[in-house]
């Protein structure tokens, strides 16, 4: 049997690296000192967990795949990475899957990995632990083709003794794994949107969609999980706040199960290494019925958000 393609090695390693990241996230919280720093204000925080996790993910992947471009949210040097932050393992299960033919010949230097070490930092600092995810997105030719989402605190409300955390992964052409794919109730319009970055524009856009209900939660990874688990029918964010490292991994997983994500205008996101980091024209994502929501975004909203 031929050895697994590079892409599958990268995904299998990212899986183990994300599990290590989750352990770091839980350990920092358990130790009680989050080491919070305001980056640009109270809604843009960085904790000790953000810093340690990013160093762990970037250094671990760079050690194994030195020619891959890795772009992380936090501006950090990887010079001071200690040995205990390095994760060398991989998920055997992923290596057993056959790489889709169109990705079989990919070389290291053609991949860009987008890392959000702790998506939902604000929620993490407030103890809303189920909002928190670790995101590792893998892009090729400017497109998100594979991703890993770890939820360090999945199951934490199940009480003492519950096994905490889970890892979801997906590759276009293979599918996505680690969760139960469920569609939102038919005929119901349940919108998931931002919890801490609301604005008149965000709210006007949601009102125009005439939703049955609105879920306000933190983290882009968390919002995409609401879509793939059938808890929400559309993720709508009419604001510039989201970045490429927020959307790359979730996009790959959503698209691997037939969903769609774009900006508010319907443009695809680009993930090549030269691209600007901000998704300045917002986010619109659904598992099904994308056109229904896209057709109802008001022109006033579109005019306010320049790609």
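Glycine residues also receive a Cβ, built from the backbone N, Cα and C atoms like all the rest.
What TrEMBL says about this one:
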BINDING   73, 116, 118, 119, 246  Mg(2+) binding site
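Overlay of TrEMBL annotations on the structure.
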{"residue": "73", "record": "Mg(2+) binding site", "contacts (Cβ under 8 Å, 6+ apart)": "50, 54, 115, 116, 117, 243, 245"}
{"residue": "118", "record": "Mg(2+) binding site", "contacts (Cβ under 8 Å, 6+ apart)": "25, 47, 49, 50, 53, 124, 132, 134"}
{"residue": "119", "record": "Mg(2+) binding site", "contacts (Cβ under 8 Å, 6+ apart)": "132, 133, 134, 135, 219, 220, 221, 222, 246"}
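Each of the binding-site residues 116, 246 was scored by the number of other CB atoms within 10 A of its CB, and the lowest score belongs to 246.
One way to see the shell of the Mg(2+) site is to take the Cβ centroid of 73, 116, 118, 119, 246; the remaining same-chain residues with a Cβ within 8 Å of it are 50, 115, 117, 120, 121, 133, 134, 135, 219, 220, 221, 243, 245.
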